[in-house]
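S.K.: Would you mind keeping the following structure in view while I ask a few things?
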Amino acid sequence: MAIAFHTFLLQLLLFFFASFAEANDSRKTYLVQMKVGGHRYGSSSGHQELLGEVLDDDSTLADAFIYSYKESFTGFSASLTPRERQKLMRRREVLEVSRSRNLKLQTTRSWDFMNLTLKAERNPENESDLVVAVIDSGIWPYSELFGSDSPPPPGWENKCENITCNNKIVGARSYYPKKEKYKWVEEKSVIDVTGHGTHVASIVAGRKVEKAGYFGLAEGTMRGGVPNAKIAVYKTCWRVIRKNGREDSVCREDNILKAIDDAIADKVDIISYSQGFQFTPLQKDKVSWAFLRALKNGILTSAAAGNYANNGKFYYTVANGAPWVMTVAASLKDRIFETKLELEGEDKPIIVYDTINTFETQDSFYPLLNEKAPPESTRKRELIAERNGYSILSNYDEKDKGKDVFFEFAQINLLDEAIKEREKGAIVLGGKSYDFNESIKLQFPIASIFLDEQKKGKLWDYYKKDQSKERLAKIHKTEEIPREEGWVPTVAHLSSRGPNCDSFLANILKPDIAAPGLDIIAGWPENVKLSSDRPANDYRHLRFNIMSGTSMACPHATGLALYLKSFKRWSPSAIKSALMTTSSEMTDDDNEFAYGSGHLNATKVRDPGLVYETHYQDYIDYLCKLGYNTEKLRSHVGSDKIDCSKTEIDHDADLNYPTMTARVPLPLDTPFKKVFHRTVTNVNDGEFTYLREINYRGDKDFDEIIVDPPQLKFSELGETKTFTVTVTGISKRNWNKNRAFMTRNTWLTWTEKDGSRQVRSPIVIYSIKGPKACM
C-alpha cells in the first residue's frame, strides 16, 4: 500500500513538473499592439496591469513581461503561453498580438569611389556634434578607429553599458532576448563578437587610420564617411546556439523596437540599420512604423535593402521598403580582387574574381593531386564526409604534403577537417553545388582558389591532357586591380530588388539608392577570427576585414547623409532627396528596381538645386487616400488625432517623392494614363530657371510624356513650385521583361539654365504578369 502511494505521489509530482516545463517551453515572445485612447492601459504600468489580468494561474509578471515602448511602438512585448495570447487577443484594448520575428543582418577606397575623398571640404565642428545610431551586433570599442579628441555634443547624455564611453562612442546599450531559451555563445554585453556591428560603425564614422589594409591588399588610409561624428551603439543581434546545435545570429524584433525607442529618446541625428527581413507587408512591419515615428522626430533612417536577390534572379525581395526609409542597394566598386591559377606550360592563367588568397606560394609550381573521389590505392585514407556524391579526404601520406589538392564539394563546412590536415598545402575548389558570383569572396587559412563549373572544366582539360607526367600549378596571391576603362557602377547580384508587392507601396520605387557594398575593408574586432562562420579552423585575427552585402552599402549612405547634414540643417526628406537626385547613372538601363535613383555621388550632393520635401503628415495623408484603416494607423503612429474616414479614397494617390513610379493593370494592349503631381523647393539664394528634359533611352518607351509647366522659375531661397508629369501609353507585349513584371522607364531631368545643376528623377511604369508574381 505504501509503495503504491509513493508511486502515485511520484507520478503526481512528475505530472506537475512536466506541466510546468511544458508551460515554460510553450512560452514565446510576442508584440502586443494596443489601440490608441479609450482605455486605461496606455502607460507602462497599464501594460503590466493588463498583462497581469490574462496570465495563467501559475505565471507571474516576472515570467512574462519584457518591454514597454514609448517612442517606437504602441504597446509592449511579453513572453506568452498560447492561452495567454488568446486572452489578450480577445481584449477590446488590444489591436494585434504577433510573434516577435528574428530579423537578419544584411555585409578603403569606397569613399573615394563616391568622390568623398580625404581632401573633400568638411565642417568638422558641426560634424562632431552629429550622432549616428548603429543598431547592430555591438562594437569593438578598443579599435583605434573609435577614438576622438572632440567632446560629445552639447546636452548629450552618455549611456554606456559594460564599457566606458569616450569622445567617439557616446552611447552603448544592449537588448537581448530575455525570455527566449538559447545557449549563449557570448556574454550579455555590447562587445561585438561577430564583427558585423564594428564593420558597419567604422564605415559610417571611423576616424582616420593610416596604413590600413588586409594582408597587404587595398592598403591605404581607412576612415569613415564622417570621421568626426559620434557613435551611439544599440546592440540587438547575438550569437547563440539553437536547439538543433547550429550557431546563429538572433536579432529579435522586440529588442530592435526597444533600441529604436531609446534612439528616438536620445535624439540621435540618423539611424543606420543593416538588418531586415525579406519583403514584409507594411501592416505587419512594426520596425518600419517605428522608423516613421523617428522621422516625426526629425531622424532619418538609412536601411539595407537585403541580400535576397539570389544572383540577381529574385525580384519582389526588397526589405525595409517603406517610403520614409532610405533603402540602400549594394553596388560593386571600381576596383576588383583578382586571383590567378597558373598552370605549367600554359600561356594563359585561369583568373577568378570570387576568391581572396592572402598567401604567397613562392615562385615554385606544385604537383596537382586529384582527390575528386577515393582512388584505388593501398595508401590509408579516411573519408571525412560525403554528400550527394562529393567527398572530402584526409590523412594523406606525408609525401603528398605541399601539393595542390583539387576538391569537389557540396558544403563548405566539409572542408574544415581537410584544411586542418593540410595546413601547409593549397586547395583548389570547384563544384556544381555552389553558384558563386562576385558577391561572395571565398577565403581560407591556407593558399586557396575557387573555380566555378566553367573554369573547373579548364583545369580538368589541362589535368587530363597528358596523364603520363605530373601536372603542376601555382596559386598567386590575390591582387586588387582597377576595372576596365569606361566601367560604370553596377548593382551586386546579391542585392534585393523591387518592385514592392504591398499594394500600399506599389507606386514607390525601391530601393532608393545604391552604394558600395562589395569587398569593403573596414574595422574588425581583434578578438574575432576573420572567418567568423567558416571554416572552423581559421584562427587569423586582424584589425580590419573584408565584408560584402547591403549591410555595408547602408552605412555608406548613412555617412553621406551625415556629411550633408554637417553643412545643411535640412529635413530628413530633403537630405534623402539630395542624395537621390544627384546620384550617378548605372549600367543595366532598365533595372531601376535594382538600384533606384542611381549610385551615390558626393560631388554635387551639397548643391542639389531643388529638393522634394515629404513631411510626416504627407505620409499619413497618402496612406489614408489609399484606404488604410484608421484604427490601425492610429496605433502604428501612436496618435488618436488621425481620421481617415473623412479622406476620399484614391488608389492612384501620389506622394511627393523624388522618383515617379506606377503599377498599371493588365491585360496587355490596354491604354494607360498616369499623372504625377510633384512640388520642388529651391535650396539656393538668387534667381534660377530650370528647364525640363526627358531622357529617353533608345526608342521612346511611352506614347507621350507631358511636363507642365515645362520650366520652373525661382526668385528666392525656400520658394516652392508645383508641376505635373502625364504619362500615356499602351501595355504592349514588347515591354522589357524582368522576371515576373514588365517595365517601361525613362528620366525627367530639371536642368538649371546655365547647366550647372541637374535634378534627375526616374519615371517607371510597370505591370506584374500575374497574381503569383508577388508570392
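From the backbone N, Cα and C atoms, a Cβ is placed for every residue, glycine too.
Got these off Swiss-Prot a minute ago, pasting:
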ACT_SITE  Asp136  active site, charge relay system
ACT_SITE  His196  active site, charge relay system
ACT_SITE  Ser551  active site, charge relay system
DOMAIN    29-105  domain 'Inhibitor I9'
DOMAIN    365-459  domain 'PA'
CARBOHYD  Asn24  N-linked glycosylation site
CARBOHYD  Asn115  N-linked glycosylation site
CARBOHYD  Asn126  N-linked glycosylation site
CARBOHYD  Asn162  N-linked glycosylation site
CARBOHYD  Asn437  N-linked glycosylation site
CARBOHYD  Asn601  N-linked glycosylation site
SIGNAL    1-23  signal peptide
S.K.: Cα-Cα separation of Asn601 (N-linked glycosylation site) and Ser551 (active site, charge relay system), in Å?
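M.R.: Pair distance, Cα basis, whole Å: 19 Å.
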S.K.: Over the span of the domain 'Inhibitor I9' (29-105), count residues by DSSP class, listing helix, strand and coil in order.
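M.R.: Its residues divide into 23 helix, 26 strand, 28 coil.
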S.K.: Provide the number of Cβ atoms within 10 Å of the Cβ of Asn162 (N-linked glycosylation site), excluding the reference atom itself.
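M.R.: Neighbour count, Cβ to Cβ under the 10 Å cut-off: 15.
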S.K.: Quick check: in three-state DSSP terms, what is Asn126 (N-linked glycosylation site)?
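M.R.: Helix, per DSSP.
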S.K.: Measure the Cβ-based neighbour count of Asn126 (N-linked glycosylation site), defined as the other Cβ atoms within 10 Å of its Cβ.
M.R.: 15
S.K.: Using DSSP reduced to three states, classify His196 (active site, charge relay system) as helix, strand or coil.
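M.R.: It is helical.
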S.K.: Relative to the Cα of His196 (active site, charge relay system), which of the recorded positions Asn126, Asp136, Asn162, Ser551 have a Cα no more than 10 Å away?
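M.R.: Asp136, Ser551, listed in sequence order.
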S.K.: Among all protein chains shown, how many Cβ atoms are found within 10 Å of the Cβ of His196 (active site, charge relay system), not counting that one?
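M.R.: Within a 10 Å radius of the Cβ of His196 (active site, charge relay system) lie 27 other Cβ atoms.
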S.K.: In which DSSP state, out of helix, strand and coil, do we find Ser551 (active site, charge relay system)?
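M.R.: Helix, per DSSP.
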S.K.: Go through Ser551, Asn601, the listed recorded positions, and name the one with the sparsest Cβ surroundings, counting other Cβ atoms within 10 Å.
M.R.: Asn601
S.K.: Measuring Cα to Cα, how many angstrom lie between Ser551 (active site, charge relay system) and Asp136 (active site, charge relay system)?
M.R.: 10
